[in-house]
Amino acid sequence: MVSANQTASVTEFVLLGFSAYPNLEKTFFVLILLMYVAILLGNGVLILVTVSNSHLHTPMYFFLGNLSFLDICYTTSSVPLILDSFLTPRKTICFSACAVQMFLSFAMGATECVLLSLMAFDRYVAICNPLRYPVVMSKAAYVPMAAGSWVAGSTASMVQTSLAMRLPFCGDNIINHFTCEILAVLKLTCADISVNVISMGVTNVIFLGVPVLFISFSYVFIIATILRIPSAEGRIKAFSTCSAHLTVVIVFYGTILFMYGKPKSKDPLGEDKEDLADKLISLFYGVVTPMLNPIIYSLRNKDVKAAVRNLVFQKCFAF
């Protein structure tokens, strides 16, 4: 029987990352660095305009500001580690830092799932019950809703991280990933992980399954309401208020479903290619998606575009 104090023997983990593809590391370093800068700038500008522009002090843009801040936090919890791994020959992370990184990335992912469902609810009330919108989505309602999403995501992450890091790691300490991804870490333990598997399953149902169903039903009612609008112009205007959110939802959940739902190859010769593909998809989810969010909302939202233009105009005249 393995003693629990064997966990103390593991003081660090080795992140395999893209070390098997050294020729790609420099290219990925430049690409990811540029994407990270774009994430900070794009989401930073969105936060600035939603806070500084009084016309954007509405529930939808409050949630959008939270989403932008979340994307910055999510990428900051992993991208610096990824960039550092491209430059150092020995890609290690200490046990405590791995736990912190795991907690932050899981918390941000779970919180985003809840936030996207709240944004869907906001669009549902705005389009399907416009007369009740000021009452249902008052400041006294949407601020606690956003705060609750952060609390729920952080709580779920704390539970999963605690369950994972209390396990004994008495064998290989090489993580076949470029971050401390919880599933990759669980593969290294030498103890029974049935509790972790059950807990992860329940968490996935709550933070993935329930929000997907909630968003789907919301858009069924939204589309049904839009189709009942008599004029084509009215239908286009109504749909334009939720098209950006719908696009973000499709990109976010589509990447997750493709990443975890695609079948595994049984051909041993194709395992290396599949491993590289899995890492690239994970990288897309962790870096490209947060970069696309501000672009999608800027391109498909007239209010945001106008606010950004006004902000740039004011800064130019300030100099």
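Placement of Cβ uses the backbone N, Cα and C atoms for every residue, glycine included.
Feature annotation (TrEMBL): of 180-199, 280-299, the stretch labelled transmembrane segment is 280-299. Contact between the transmembrane segment (61-83) and the transmembrane segment (205-227) does not hold: fewer than three of their C-beta pairs are under 8 Å, each pair 6 or more apart in sequence. Ranking 28-49, 103-121, 205-227 by CB pairs under 8 A with the transmembrane segment (280-299) puts 28-49 at the top. The list of residues near the transmembrane segment (205-227) in space but at least 6 beyond its ends in sequence, with Cβ under 8 angstroms from a Cβ of it, reads 109-110, 113-114, 116-117, 120-121, 123-124, 127-128, 152-153, 156, 235, 238-239, 242, 246, 249, 253, 256.
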